[in-house]
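If you look up Swiss-Prot, you'll see 222-229, 285-294 marked as ATP binding site, on the strength of sequence analysis. The domain 'Sigma-54 factor interaction' annotation in Swiss-Prot covers 194-423.
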């Protein structure tokens, strides 16, 4: 049995505490481990609840960092986590290796022949694990148990030190943030996670860190599909209201005649059909946070009522004489430029200033292409779990294909593309131990324009007339009328199918169609009132 020399141990410990950041400290640790133990790949993971999160890795595809490994779903990881001492798996062990097929610079489904895992304990607490894999059988048999215990102790001390630094930083900022390494934010297993380390995402996360603990109203703005609701949930989770409700309202989905009742509630008998009293969204969010999604779609009449609630912190349910006080923090989201809407007279300036005390911009995916590998890995692991696939990996050409695509539907579109591709890959490779998601599984990457019919020669002059004779708003409305009408016709006048093709939800589509004067007659024909 081989023991580590004193010089090897000193080399492993020197400099581990001097890294400029968590990522650098962890990679120094992995560099030292690979000098001491020859292996093809090594992964450091932290444990939270029943989920292992990769903090740093060497030798595996980069999308591995975006994956989350539920311990109960991976027998080898479960065995390592439940052990007190390092675990070595036999070359013929039947348990699946979670990293099979993920070896860097290899398109083959190469299995790992040697696998070893070190539980990282600090006192009685299991902080995480360190895994080492090799394509060479019996690669770790020569290492003595004592050497592996020392290696585990050094790794655990490094991980504990780094986690402690993060905890102290969190306390200094007076937030409830549980910071994971690589500047990614994670909640508990049943929560959500903001993935990304690109410059625009780090700037957005910094804004969240600054404003979340405050009581300020926040305007979250960005394109459709960028994750504005996720940002709102993150802000609520970081605030001192996190133990109180977060109430969601889609402003575009509520008919105008029901808005007041939906937001402020009503008493029994307030109007026809009000057979019982009902609390409104403001009352339900009392003490917590109210998220007003698609705030830019509210009609002016509803905007004035919300403004009064924000100014006075009072609401008056429909049919009730007295007012009641509420303590609500407002988070609003929109994909519109509200400054321009104010200038055009479609949005109240006083409400805009009340809402945008601290605006947060959520960047589109095309501005954060550096996050694509992490996002792809995250969605691939989610798809693997949903579809019950033992192992799902990305072919090397897939990431380059994803990076070249402009992603008009942003992160939401990426998630849907990977889910569809994973389903196709599973059907095509049924029965294989490692399922590979290939370029052909992506299909034809198309954005919202895919739902449009090709313009005919007869149509083209009309499009030119829009540009020449209409203002921007009117031209946009006319284009939307044309697009919705054509899509409805192609979808056999099925609103749900048309909404799917246009990558929106049915409520938003019907509301927009109503504003544009589009209706479908009983004889299944498009009627326009404008």
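For all residues, glycine too, the Cβ spot is worked out from N, Cα and C.
Structural mapping of features recorded in Swiss-Prot.
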{"residue": "222", "record": "ATP binding site", "DSSP (3 states)": "coil"}
{"residue": "228", "record": "ATP binding site", "DSSP (3 states)": "helix"}
{"residue": "286", "record": "ATP binding site", "DSSP (3 states)": "coil"}
{"residue": "292", "record": "ATP binding site", "DSSP (3 states)": "strand"}
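Same-chain residues at least 6 positions away in sequence with a Cβ under 8 Å from that of residue 225 (ATP binding site) are, in sequence order, 409, 410, 411, 412, 413, 503. Around residue 286 (ATP binding site), the same-chain residues at least 6 positions away in sequence with a Cβ under 8 Å from its Cβ are 326, 327, 328. All protein chains included, residue 292 (ATP binding site) registers 25 other Cβ atoms within 10 Å of its own Cβ. Less than 8 angstroms from the CB of residue 228 (ATP binding site) sit 220, 221, 222, 293, 333, 335, 362, each of them six or more residues away in the same chain. Counting every protein chain shown, the Cβ of residue 289 (ATP binding site) has 23 other Cβ atoms within 10 Å.
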